[in-house]
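J.: Found this in Swiss-Prot, in case it helps:
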type     : residues  : note
DOMAIN   : 167-198   : domain 'EGF-like 1'
DISULFID : 171-181   : disulfide bond
DISULFID : 175-186   : disulfide bond
DISULFID : 188-197   : disulfide bond
DISULFID : 202-212   : disulfide bond
DISULFID : 206-217   : disulfide bond
DISULFID : 219-228   : disulfide bond
DOMAIN   : 230-260   : domain 'EGF-like 3'
DISULFID : 233-243   : disulfide bond
DISULFID : 237-248   : disulfide bond
DISULFID : 250-259   : disulfide bond
DOMAIN   : 354-444   : domain 'Fibronectin type-III 2'
DOMAIN   : 445-532   : domain 'Fibronectin type-III 3'
DOMAIN   : 709-798   : domain 'Fibronectin type-III 6'
COMPBIAS : 1044-1061 : compositional bias 'Basic and acidic residues'
DOMAIN   : 1063-1144 : domain 'Fibronectin type-III 10'
DOMAIN   : 1239-1325 : domain 'Fibronectin type-III 12'
């Protein structure tokens, strides 16, 4: 460590001391002085600068040492002149080496010492004359008993002295006001004592048993009280009692000579033990604050647990214990936080109950039993089994499997027998609770099953009988189509006949034995019935070479039918027919031949019997019947001859009106001619063959005779488009006439004419055309011969004759041409004065010019057509000639709005001239001019417009031809030339358009340096953009109009271009709160760039950027906000246009995503909302099996409910925010939906003692079910079932009771909702049995716990243990000793109320025995069953009654019988005694001396409640007549039942113990 380090602490301490001490005022104000002007405060401060290299840590002075020194003034001091402050500034130089530092410190100390000496001198000077007048003398003496203080101008007296000059002695405490001071000593007033009279004297001077200290007696150890006159009790009774003459009288709950002990608890005992709990009780005590119960496994005291039990409670169920473990249970009473001495109890929990047991496999001779190993360790299992109805029981030892389950295969069993099986876990000498189940071996099945004597519908079945005792056999036979029938066969038969079978079917036959609802394995065989034969074989639809055969189908399932047919000459054929057909057609037969037909069914190689019949074929009919050589009254008929041997042919023909004739034709002919027919008649012709009375089918055809044609055809009444045709009518009966007319070019039309007319008019003809006309008669499709002629139409006249192109001497006429084919046209025109001219025009012309006409004359014009000598009608019109018009029209003296027009005058006599001028856009004006003028000036014209000018003469309504010319006005110049829309490289120039119609505008722009450019733009434009300009340059702009070579005056203005703006502005590197922007720099010389960014809600920031930079980072942005970013350049006050872009920050993602309120198909999720302004949230949830759904959620929500989920499924949930197409990062979580409950929980098959529950599984994947059902006494039983199970049988239930049942599904720790139902057993004979005999009569055959009802009153239930086995059963057991684990040395209250576990050792209770045996008409008998390890005995008394509590539960017993000897008669009539209630006649308390509670007399002959295992005389469990007083009987059971009850008088099925369940 360097020297700086060594000196750091002394120097720091020194500096702090200087700052704190030296700054104090030098002279405080004297209390004896009041003139403030004399007060002077002297202070000095040090400011020491220490080099930074020094390791000196100096804490800041809490009082500021500012240069003004104000901190040195006390509050309220305002006289600055009286305050003298010295400030000392000391600076230490940085030392070159450690010795330099030491020298510096020494110098510092020396300097400070000198300053302090100077300060002391100054203080001495300041102190002079500071004290008030006369006070200075005190400083010379203070009477020799004090010290003068110049600071205060007063004496500070020594101890024992007082006064201004310390000349007066003082007494201690000024005698405290209880005496007077004499020469420094107190003389006390009575009753005070002491050197300072501070305390009163002690009472009675502490009675000689103590010392008085400051007025209070300090008593000797064995005395107390204010005056120590009372003798002290031990420990002053510990505050838990009062002391009287040295003896403590304790409060209730305390004991001991000093009342320091709390009364210990009494009667700690075990009421009930289970696998993991011990129910303990003790005698209640109202004088405690609470009980302290502790317990630990034997030998593991360090594992002690302690519970605090309220004083109102005197039982406690210790839970969470280990099965099969011994525990030390300790109970203490606690009062005023003092614990009593403990009472201990050694108790053992039951071995863990074996889990569910079941029969895995049942065979005829074995049962495979399996059960779940308990959670605790066991050594092995005892498995007992025997027939349910017999006494034989076999026991085997089964080692515990290392697997979760153990099993044992019981073999060598009797078929069809129900066995009772018990599994008991063993650990050391401790047996666990047994689990009971039943198993039934299968019935052996029939063997050697055979079928014989099979017919079409019957079969006989036989078999070897089974060994088992059965009720019947069942025979089931199943057809191939699945139809099933069953029949029962008596158990003493081994064969039966199956009837009602279907023919040809292979039946599967099963035979098994049944007893009750149990069936054996099925033996099977097959029975094949014979095939039945077809019936009702018939033939029909016979033709000459085919016939149809049909039959009723067989019942048997066959492969096919076979049809055989044989002709008279012996030819035979066979045809297979499908099995689903019931008919077929035989083809290829010979006509007129008789056949024999056979039909039978086949299946494989089996055939049915054959059915047969006979059938002859028909004669074949003539074919190809045709008619030819038809005339109006004859026709020829021919046909192909038949194959059959016949006698003749027959021909019949029938007219349409029914007239029939018949003609025979020899068999060797095949044609004939029919004569005498009527014209135009259709005949139906039939031809057939005959042989004897047999006829073939008729061949037929139709043959119409020809129709006669019309005659004398003529035409008349011809026009241009019509002509009339007529003829003589035909004789035949026809449908109509047909008229056809054909032009020379082949155009043809046909017209039907009614049969009752003989003329018609043809219309729509073309003029001047010669038509060929044909007329004929029709009937159906038959036509007569045609009559014909020719007829031409008239020529048509010209139409639409008009006059046009009229001049002063000519006129053009035109017309529509005629349709007719003509030679020429003729034109004639005649003036009003009768002058006529006529000329010919070619047929192809439709107009001509009339010449040589006189001006102003109206002519009539006629035009007509000619063909040869044939002429059309004439067409006429009128044609007037025109007057002449002006000539040499010229314009001059043109301005922008006027021009002058002149012309040569017309020769004609007119009324006026008309001048019209029209602009190009159609605006027209007309001006009349006097007939004697030939010029005029047009005014109000538009500039630059070329006008069309027309001039003509008028006379009346007639106008001459117009003379015309064109005259343009001058062009006007552009106006209001202006520059707008300026950019860095363009100027937009606009102007008001000229009025003139121009060709173009010319634009010229010239820069300040003289560079000039010129360009043309369209006349329709009124603005243009000058491009390619240099930024910031001033330009002169000129604009003028042009039309052709003509130009307007020039308009001009000036303007300059803008600064260019940044380009390619882009955003990149965006985060939630920053964004980087960049741009291309401008070309212009600028001062800076400006960046402005504005959020969507209008928040704007603006920052400058140096001109040499082209990017910047925007900070302080908000997440998910789209910012509008603008960047522009600045130079002076001028700015470029702003470049814009968008910069959306990233959306922040949802946080703290959690799920809650999860149901089977919904889950509520919530999250912290994002800060960003978004459109929506998106939620995606994906099930474990991959199904995914997405839903949008409003941006205002931060939670949503997911619906449509699958029960019991884990979902992965993602939530993210969206704005437009943008998305935040996804937050995720998981949600596990609840399991849905089972469905349709229903009972069925309910009996007196049980029923079956069924349900449908939930949709969720589960591990299993928990089924819970409740007994009438409130006991709830819970059964865990595997997931594949959907039914459960409840057994051993009480009759006529409704059991609430609930079922939940579970998966791991998950539970579904509960579904509930009730199962009501069938009512019993005794709905509320009053004792075990009635319970037994309700068909409860197993011993165990049951609920009875006192006197049958449903409101007074009592749970008792019923012995259903001993001597016919029906016993209420009220006492049992068999293990010694339960202490029977109990108080009176315990014996009254009862104690213990009815399934183990217990005492039912005197109150219950009294209620059972008194106040009822039933007389009870009592039985004592006594057993040692190899002997047993019993004693029965035919009467038993226990009196009320008022009579101390006096015992009454009747007559004895049995093998144990009469011990109870001695106790008859005696009251019950316990160690705290002595009701016997002995000198001492028999219960106390014999360790029990009983109906003692002068003690006992029977002591069943004595100390278990005790062999001392009369202290053990004794039955003196049997084993004497020195043998403790290991097993005693006392029980009662109605006198004379016998089970043999009642019947009922046996039953297992309550609550046992059997799984399927």
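Even glycines carry a Cβ here, placed using N, Cα and C.
Since this is a predicted model, take the numbers as computed values, not measurements.
Burial and contacts for the listed features, if you can.
T.: A Cβ distance under 8 Å defines the sequence-distant neighbours of the domain 'EGF-like 1' (167-198), meaning residues of its chain 6+ beyond its ends; these are 143, 145, 160-161, 214-215.
Less than 8 angstroms from the CB of residue 181 (disulfide bond) sit 170, 171, 174, 175, 187, each of them six or more residues away in the same chain. Residue 181 (disulfide bond) carries a strand DSSP state (E or B).
Secondary structure at residue 175 (disulfide bond), as computed by DSSP, is helix.
Annotation note: residue 197 (disulfide bond) sits in a coil segment as assigned by DSSP. Other C-beta atoms found within 10 angstroms of the C-beta of residue 197 (disulfide bond) number 23, with every protein chain shown included.
Residue environment of residue 212 (disulfide bond) contains 19 other Cβ atoms, counted within 10 Å of its Cβ in all protein chains.
DSSP assigns residue 217 (disulfide bond) to a strand in the three-state reduction. Long-range Cβ neighbours of residue 217 (disulfide bond) (same chain, at least 6 residues apart, Cβ-Cβ under 8 Å): 202, 203, 206, 210, 211, 226, 227, 228.
DSSP assigns residue 228 (disulfide bond) to coil, not to a helix or a strand.
The number of other CB atoms found within 10 A of the CB of residue 233 (disulfide bond), across every protein chain shown, is 22. Residue 233 (disulfide bond) carries neither a helix nor a strand DSSP state and counts as coil.
Sequence-distant neighbours of residue 237 (disulfide bond) (same chain, 6+ apart, CB under 8 A from its CB) are 243, 248, 249, 250, 258, 259.
Every protein chain considered, the tally of other Cβ atoms within 10 Å of the Cβ of residue 259 (disulfide bond) stands at 25.
Counting residues of the domain 'Fibronectin type-III 2' (354-444) by DSSP class, helix then strand then coil, yields 0 helix, 50 strand, 41 coil.
Per DSSP, the domain 'Fibronectin type-III 3' (445-532) is made up of 0 helix, 48 strand, 40 coil.
Residues 944, 970-975, 977-979, 982-987, 989, 991, 994, 996, 998-999, 1002, 1029-1038, 1082-1084, 1086, 1128-1129, 1131, 1134-1139 of the same chain lie 6+ residues outside the compositional bias 'Basic and acidic residues' (1044-1061) yet bring a C-beta within less than 8 angstroms of a C-beta in it.
Sorting the domain 'Fibronectin type-III 10' (1063-1144) by DSSP state (H, G, I as helix; E, B as strand; all else coil) yields 0 helix, 48 strand, 34 coil.
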J.: Please identify, among the disulfide-bonded residues 197, 212, 219, 233, the one with the smallest Cα-Cα distance to residue 186 (disulfide bond).
T.: 197
J.: Measuring Cα to Cα, tell me the gap between residue 219 (disulfide bond) and residue 233 (disulfide bond) in whole angstrom.
T.: 13
J.: If I restrict to non-local contacts, at least six residues apart, and a C-beta distance under 8 angstroms, what lies near residue 188 (disulfide bond) in its own chain?
T.: 175, 178, 179, 194, 197
J.: Could you give me three numbers for the domain 'Fibronectin type-III 12' (1239-1325), the DSSP helix, strand and coil residue counts?
T.: 0 helix, 48 strand, 39 coil
J.: Whole-number answer please: how many Å between the C-alpha atoms of residue 212 (disulfide bond) and residue 233 (disulfide bond)?
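T.: Spelling it out, the Cα of residue 212 (disulfide bond) and the Cα of residue 233 (disulfide bond) are 22 Å apart.
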J.: Can you tell me how the residues of the domain 'Fibronectin type-III 6' (709-798) break down into helix, strand and coil by DSSP?
T.: 0 helix, 48 strand, 42 coil
J.: Counting every protein chain present, what is the number of Cβ atoms, excluding its own, within 10 Å of the Cβ of residue 206 (disulfide bond)?
T.: 22
J.: Translate the DSSP assignment of residue 202 (disulfide bond) into the three-state scheme.
T.: coil
J.: Inside 10 Å of the Cβ of residue 228 (disulfide bond), count up the other Cβ atoms and send me the figure.
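T.: Result for residue 228 (disulfide bond): 25 neighbouring Cβ atoms inside 10 Å.
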J.: What's the number of neighbouring CB atoms sitting within 10 A of the CB on residue 219 (disulfide bond)?
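T.: Result for residue 219 (disulfide bond): 20 other Cβ atoms within 10 Å.
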J.: Counting each residue once, how many in the compositional bias 'Basic and acidic residues' (1044-1061) are helix, strand and coil under DSSP?
T.: 0 helix, 8 strand, 10 coil
J.: Let me know the model's mean pLDDT on the domain 'Fibronectin type-III 3' (445-532).
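T.: The predicted confidence over the domain 'Fibronectin type-III 3' (445-532), as a mean pLDDT, is 89.
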J.: Let's check the environment of residue 171 (disulfide bond): how many other CB atoms sit within 10 Å of its CB?
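T.: I get 20 for this one.
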